[in-house]
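Structure, as C-alpha cells:
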Amino acid sequence: MGIVTDKLPGALEKVPGGNVLVTRFDEIINWARASSLWPLTFGTSCCAIEMLMATGGPRHDLARFGAEVARPSPRQADLLILAGTIVKRMAPRLRTLYEQMAEPRYVIATGACTISGGPFIYHSYTTVRGADEIIPVDVYVPGCPPRPEQLFHGLLTLQKMIKEGETIREPGVRRKPVISALPEGITLEDIQGEMKELLVKENVVDVQHAVDKLKWPSGLNEQSSGKSGANESGAGDGT
Amino acid sequence: MTVEVSSLKELVEQASGDDRSPDTQEYFVNMGPQHPSTHGVLRLVLKLDGERVLRCIPVLGYIHRSIEKISEHMNYMNCVHLTDRMDYLSSIMNNWAVSKAVEEAAGIEVNSRIQYIRTIFAELERIQSHQLWWGVLGMDLGAFTPFLYGIRDREVLNDVMEETVGARLTMNYVLPGGLMADIHPNFVHRVKEFIKYFRPKLDEYDDLLTNNVIIQERLRNVGILSPQTAVQYGATGPVLRGSGVAFDLRKDHPYGVYDQADFEVPVGTIGDSWDRYWVRVEEMRQSLNIVEQLLDNIPPGDFLVKKLNSKIKIPEGRYYSQLETARGVLGVFIASDKKDEPYRLHYRSPNFNNLWCLEPMIKGDYIASLIGAMSSLDLVIPDIDR
Ligand code: SF4
C-alpha cells in the first residue's frame with residue numbers, strides 16, 4: 001500500500017449483522033475516479049524520460065497514487081500527461097488523441113514546453129506555444145523537465161480537483177486550470193512532518209465530523225446522530 | 001552530384017505498384033506517431049504482405065523544433081543549452097560537442113582539469129544512457145522486469161551526477177571554455193562507490209537478459225546489417241561497431257583525455273540485433289574502466305579558463321568538429337560571419353543516419369522482429385528531427 005491520500009467519504013454505522021455506509025453517490029464516484037486514473041503514454045521528447053520512465057521506475061513509483069496503468073491506446077485512458085514539446089505537425093494528432101479519449105478525461109501539461117513553448121518560444125517556426133492552444137488543460141506542472149516529485153504534486157492536485165469537482169447533475173463541468181508548483185520555502189522536513197501529522201490524525205475517524213461535512217438534509221442528520229452513540233461505536237471500524 | 005527527393009506520396013505510390021504475390025494482398029500500415037515502442041513520435045509507413053515487412057518508410061517531422069534556426073539568433077553560450085534537448089540521454093556530450101567546436105574555432109585553450117572532468121562525465125552519461133536503453137529493450141520485447149532493474153541503477157548514478165550538476169536530465173554542464181561548476185567534494189568518493197555497486201549488477205544484467213533464451217531467439221540473426229551497408233548509410237556508434245567496423249572516435253581521433261585511458265572498443269561479428277546488444281553491454285564495462293583509471297588523476301586547477309562573457313567572436317569561416325556520443329558521431333558545423341552569433345549552425349546527428357539502416361535491416365522479416373531491431377538501434381527521436 002502506498003500513501004492513502006483520502007479516505008472514502010461517508011459515515012459508517014454498525015447495525016446487527018454488518019455495517020451500513022451512508023454516503024453520497026457523487027462523492028463515492030469522484031473518490032473512485034480520482035484514485036484510479038489511467039494515463040496515456042504520450043511522450044514526445046525529453047520530458048517523457050522523467051515523466052513516464054523515471055516515475056514508472058521502482059524509486060518514484062507512480063503506482064502509489066493509483067495511476068500506474070499506462071495505456072498506449074487513448075480509448076482506455078482517462079488522463080493525458082503531456083510530456084514534451086508539441087510542434088505544429090503533431091498538433092492535429094494530439095487533438096485526435098484527446099477526442100478519442102472517453103469522458104471524463106483530464107489533462108496534465110508537464111514541462112515548460114507544453115505550458116508556453118519553453119526554450120523554443122522565440123524564433124521557432126514550428127513549436128506550438130503551449131498545449132492549451134489545442135486542448136483544454138487541467139493542471140500545469142512547470143519545470144524543464146519537472147522532477148518526478150513535481151508530477152506527483154500535480155497528480156495530487158488533480159485528484160483533489162476531481163474530488164471537489166463534478167456532480168452527476170452537471171458532468172464535465174471544468175474548473176479553472178491551476179499551476180501545481182510548490183510554494184517557496186517548503187522543505188522536505190515540512191512535508192514529512194505534515195504527512196506524519198495527517199496519518200496520526202486520520203487514524204481515528206470522527207463520524208460526527210464526516211456527517212457534518214456532508215451536510216445532509218436536516219431530518220436525516222438528526223436521525224443518524226440520534227441513533228445510540230454512533231460516534232464512539234463507529235470510530236473503531238472506520239480505520 | 002544529383003540528389004533525388006521523393007515525397008511520401010510518390011514513395012507510397014511507387015511501393016503500391018508492384019504487388020508481386022498472386023494469392024495475398026499487400027497493404028499499408030501506419031506505425032506511429034503515437035505508438036509505445038517507437039520511443040517517441042516516429043512514424044513508420046509499413047508495406048506488409050501478411051506479417052512480412054516489404055517496405056519501411058520512416059516519416060519525420062513530428063518533433064521538429066527548429067533548433068538550428070533558433071541557434072542563429074543566439075550567441076554561442078546560449079546555443080549550448082538547446083543541445084541538451086536534442087539527444088537528452090547524452091546531454092553532456094552534446095554540450096561538449098558544441099563547446100569543442102567553439103573552442104577550436106575561437107582558439108580557446110582549456111586546462112587539463114576541465115578535460116578530465118568532461119571525459120569522466122561523458123563516460124558516466126554513456127553508462128546512464130545504456131542503462132536506460134537496456135531496460136527499454138527488455139520492455140519492448142515484452143518483459144517489464146529489466147525496465148525496473150535498469151531504472152533502479154540509473155537512479156543511483158543520477159544521484160551522483162545530480163550532486164555536482166544540479167539537474168537530473170538536461171544537465172547543461174559543459175560550456176565553451178570550461179564547466180558550469182566545479183565537482184562536488186563528494187564526487188570522487190561517490191563515483192568509486194558507484195563503480196563498486198555497478199560491477200556486480202552488470203553480471204546480474206547478463207543473467208537476466210543476455211543469457212536468456214527468449215532474448216537470444218528474438219535478437220540473434222534478426223535485422224542483419226552488413227558492414228558495407230552500415231558504412232554506406234553513414235551509421236555510427238554501436239550500430240556501426242555491431243556490424244564489425246571498429247570505428248570509434250575516442251580511439252581513432254582522441255579528444256578530451258581518452259588517449260590517457262586504456263580501453264577496448266567492442267565490435268560485433270555479423271551485425272545482427274544481438275551484436276548491437278552485446279556491444280552496448282560491453283561498452284558499459286569499458287566505460288567503468290575508463291572512469292576508474294581517470295578518477296584518481298584529476299589534476300588541480302580552475303573549472304573555467306577565464307570568466308567568459310557571452311560575446312565569443314569566431315573568425316569568419318567554416319568549422320567542423322565531432323565527437324562520439326552514446327549513439328554515434330555527433331558533428332557540429334559552424335559557419336561564422338565574424339559576429340557573436342552563428343550564421344549557420346548544423347548538427348550531424350547520429351540517430352538520423354542510424355534510422356535509415358532500419359529498412360535494409362528488416363526487409364522481408366516479420367513485423368515482430370521490427371520492434372526488436374528498432375530497439376537495438378536505440379533511437380532518440382528529437383535528435384533525428386532536432
Ligand atoms: S520542457 Fe524542457 S525537458 Fe520538457 S520537453 Fe520541453 S525542453 Fe524538453
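A Cβ is built for glycine as well, from the same backbone N, Cα and C atoms used for every other residue.
Listed in TrEMBL for this protein:
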BINDING   A:C46, A:C47, A:C113, A:C144  [4Fe-4S] cluster binding site
DOMAIN    A:46-157  domain 'NADH:ubiquinone oxidoreductase-like 20kDa subunit'
REGION    A:216-239  region 'Disordered'
COMPBIAS  A:220-231  compositional bias 'Polar residues'
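If you draw a 10 Å sphere around the CB of A:C113 ([4Fe-4S] cluster binding site), it holds 31 other CB atoms from the protein chains shown.
With helix defined as DSSP H, G or I and strand as E or B, the domain 'NADH:ubiquinone oxidoreductase-like 20kDa subunit' (A:46-157) counts 47 helix, 16 strand, 49 coil. Minimal Cβ crowding within 10 Å, among the binding-site residues A:C46, A:C47, A:C144, is found at A:C144. In this model, the domain 'NADH:ubiquinone oxidoreductase-like 20kDa subunit' (A:46-157) carries an average pLDDT of 85.
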